[in-house]
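> I'd like to ask you about the structure that follows.
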Amino acid sequence: MYGAAMGHIDVVRLLLDQSADIDLRSNDSRTAQGWARLNNQIDVIALLEERYQERMATNTQLLSGSLQGNVEEVRRALKRGASIDCVDVNKRTPLLLAVMENHEEIARLILDNKADVNVQNVVGRTALSIAAQEGSQRLVQLLVGSDANVNLADTTGWTPLLYAVKAGHSDIVQQLLENGANCEAPNDAGQTPLVVAARYGNANVADLLVKHDASVNSADRNRTTPLMFAAKGGYDEIVRLLVTGGADINAQDVNGETALFHAVPSHRCASHLLDHRASIDLPNEKGVTPLMRAAELGHDESLALLLDRNANIEASNTDGWTALTYAATNNQRVVASNLLDHGAKVDCRDSVENTPMLHATALRQAVNKGDSTAASLLLERGAAVDAADETKTTPLMQATRLGNQEMVEVLLEWYADSNIVDDTGESPLIVAARGHIDAARLLLDEFADLSLLSCEGFSALDYAKQQNQSDVALVLETTHRERAEIKSSLMRSAAEGDVKMVEAAVRLHANIEVRDQDGNTPLLVAVVNNHEAILKLMLENVADVNAQNARGRTALSVASEKNQSAIAWTLLDCDAESDVADARGCTPLMYASEAGNDGIVKLLLDSGANINSTNDEGESALIKAVLNCHEHVVQILLAHGEGEDEYDDSECDSDSDEDDALNVDLPTNAGRTALIIAAQLGHADIVQVLLDTGASVDLADRRGWSSLFHAADQGHEHVVSLLLEYKADTSLHDEAGQTVLNVAEKSGRNRVLALLRAYQRERRENAAALLDAASNGRVDEVRTALATDYRIEVRDKDGCTALLLASRTGHEDVVRFLLNADAQVDAQNKLSVTPLLEAAYKGHAGVVRLLIFHGADVDKADDENSTALILAAQAGHEAVVRLLLQRGANINAQANGGETALHKAAQNGCLGIVSLLLACGAPVDTGDEERWTPLLYAAREGHHDVVRLLLEGGASVDARTRTGETALCKAAFEGHLEVINVLIEHNAAVNLANAKGWTPLLFATQSGHNAVVRLLLENNASFEE
């Protein structure tokens, strides 16, 4: 470059003769020719151009000879100085061209002339890559012998080994592996050589790779393994090889599909996988199982195999599709039949409420193409003939819409409902009215409803007239007149009890579900008029026994109200539903209870009527009976609710569901229970019955008024006495803050007021007697007090119960009696202290044991957040501490100041408790809110034995408080010589100062503890840290 720039032509010529690179560039990207042009060295420019053209010609000669296999031409080009690694427009060197055309001699000649054996073309292919793909074993051997890189990949990541594997050249694969080819190197798609071998079905190559320890579970970027590719391709030999080699048989690709899923088209592969415990129902990410895949693709053989191996036939994907859905959707009749033979449910629904029938030929193909065979098959196997899609279109609707008379006939033979309407409000008859006269006749023969209106407000006759379908209109009008005449006759005869006329109307195919202006059917009319014979005739002709009129009343509801026992029994015998509610929410049982028809009440209860149903006002049958003062009905309901009936000698069913038990306290919407209502109305006998059955005496309504409030307000003295006998609470307050005494006084009920005041005086005396006896251990007096007053949870001014007081004073016999009498074991006083906390603090181990046995919470804390363990440790009660720890008390619990049980025990010098807590794993260095550890407390208090025990237990000897004092500081300030000796023995830092710079020596000096000062000085203490 320098010679060219300076114009030294002779020097340039000499260098060119010595093969100087004419294309070499300087740092600023200029060639020799560029420098010559920059300095206008014309002669040098001409020389360089001449030599460049000569070189280009010889390079072209070399490339052409290499491509055509002309050895002599290659030799001449090399002799003339051609560049051994020159390239054509596709970056192909002479070596690449020679190998590409399998010219071994030329390749050898070029390599002998030092060609770059690893040169790559425009897509990164090397000579070895090409030779491996083409299967040229001699060329591969030549290139490998010339140090070709066996793992050099092209721009897509394909190595020579991958190309050889894909082409199935097992001999070359063997060559490459022996020369260091990486059998795990993947291409850009993540496919390893074994993945490629399995994908292209090269069994010999796959076997060779496995023998060279290729990973049988390697996977591409889609997580597709060799086993999945082999299964998908149906390469049974490779599947067997990989399974034997330990391939993960249930691995899933990025779509969640397993090898078995991919093997569905290949019965042999699927069978082998199942033989080796492939998970038969493992779904992909969309929930599709191998069985569904087989059904979708129509692979009968694989489907039969999967069914024989107990594949889950009812499994569904994320859209709710089953295998049968797939078979039906894809017109796989044989598969569908096989699935049905194996018990597939024909009416399962997908996420948009479609059933297999709506996806199968029964609708899609059978209706659209006139093929009723598949529909009949599904119907024979139990398909729901009226299953609708998301637009509420049924098979009958679709068949009618397409004018498919044969399909309409088939569906009607299977009792398709001709009156179901779709989202637009159209029925099959409305659809047929647009011109499908044969379908219209078929529908009318099956009593299609002429009165149904679409969402637009038009009937079938309206549509027929609008679209000039005169023939259809005539048929509809004629049918309408005939039905009107029969309807009128039927309804009139049912009301009058004319059996012969009703029979005649039925013979003329009268619609027995026809309704009058009030929505009553003939059956309802018969019951209203007490015509049992007409009722039975209607039922014999399958009239809807549960039909409801405009007010929601059923025949059973009417019969229950009218006390028609025989009719009620007949209706129930014909499966009348006993709990159908009318428009007000009232059931037959409510009507019977309200009317006092005790015989029908019992009949309904025996038939399973829900005794706890409520109407829109929240009123139950019991409340209806109470409101109307039907004491006998109340007794029947209560007896049934208890599982026994004093009015029936037959034994009760011991297995009756507990959910059927009567809820005697079920309130109305206003919160009034049966007892509240009875008390308000002054029904003393009913109040007595309810209380005897366990009605809650203190439940209140929305105003906060209990039964006692209502009875007092109304002046029902006898009811008030009854309620007080059952311990009604006179201390309750209503929403306005009034007590029952305030209410009685305001209402001027003086006798009731006197009764209530006398009762309260007696209660206060009993409460005081109970608490005093419990506190002082007089168990007989406790028993007597409870016998006259069941309120075991009565409290003193501090909120203490009898159990808490007995626990505080350690009276085990009283505690045991109260617990057996169901006293609340964890009842807290005003300071949140429980009986266990009191007993633990006082050290009453026997009481503690009793309380825990009856379920006391060992970790319940008081207002200071102190637990029983903390209090027992603080008070030094080792036996109680041991008992609490045995029962799982939280050893790490902290009081409000952060102190644990170990803090308390250390502070109070309880050596045994400290030892016990440490043995049970108590953290030795837990700090409280001021960062005081147990060691700091023990040191301050001078408990040298506790200090030693804590240090031996791993306590940090130099732990600091929030203000920086150590245990040595505290002991020095207090003058505890023995503690200081123990701390120094355990290498306490004698000069560690607090936040203000005070060292232990300064603390001891300030406090005037000379012996401590002397001891510290002997241990090199100073006044500064």
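Along the chain as shown, the residues are counted starting at 1.
Cβ atoms here come from the backbone N, Cα and C positions, even for glycine.
All annotation found in TrEMBL is predicted automatically rather than curated by experts.
What TrEMBL shows for this protein is this:
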- 1-27: repeat 'ANK' (REPEAT)
- 90-122: repeat 'ANK' (REPEAT)
- 123-155: repeat 'ANK' (REPEAT)
- 222-254: repeat 'ANK' (REPEAT)
- 286-318: repeat 'ANK' (REPEAT)
- 319-351: repeat 'ANK' (REPEAT)
- 391-423: repeat 'ANK' (REPEAT)
- 703-735: repeat 'ANK' (REPEAT)
- 831-863: repeat 'ANK' (REPEAT)
- 930-962: repeat 'ANK' (REPEAT)
- 963-995: repeat 'ANK' (REPEAT)
- 996-1025: repeat 'ANK' (REPEAT)
> Do any residues, 6 or more residues outside the repeat 'ANK' (703-735), come within under 8 Å Cβ-to-Cβ of it, and if so which ones?
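Counting only partners 6 or more residues beyond its ends, the repeat 'ANK' (703-735) has Cβ contacts under 8 Å with 671, 673, 675-676, 678-680, 682-684, 687-688, 691, 697, 741, 743-744, 747, 749, 751-753, 755-756, 759-760, 763, 789-791.
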> Average the pLDDT scores across the repeat 'ANK' (286-318) and report the rounded value.
93
> State the non-local partners of the repeat 'ANK' (90-122) in its own chain: residues 6+ outside its ends, Cβ under 8 Å from one of its Cβ atoms.
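Same-chain contacts beyond the flanks: 62-63, 65-69, 71, 74-75, 78, 84, 128, 130-131, 134, 136, 138-139, 142-143, 146-149, 152, 154.
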> List the helix, strand and coil residue totals of the repeat 'ANK' (286-318) as derived from DSSP.
17 helix, 0 strand, 16 coil
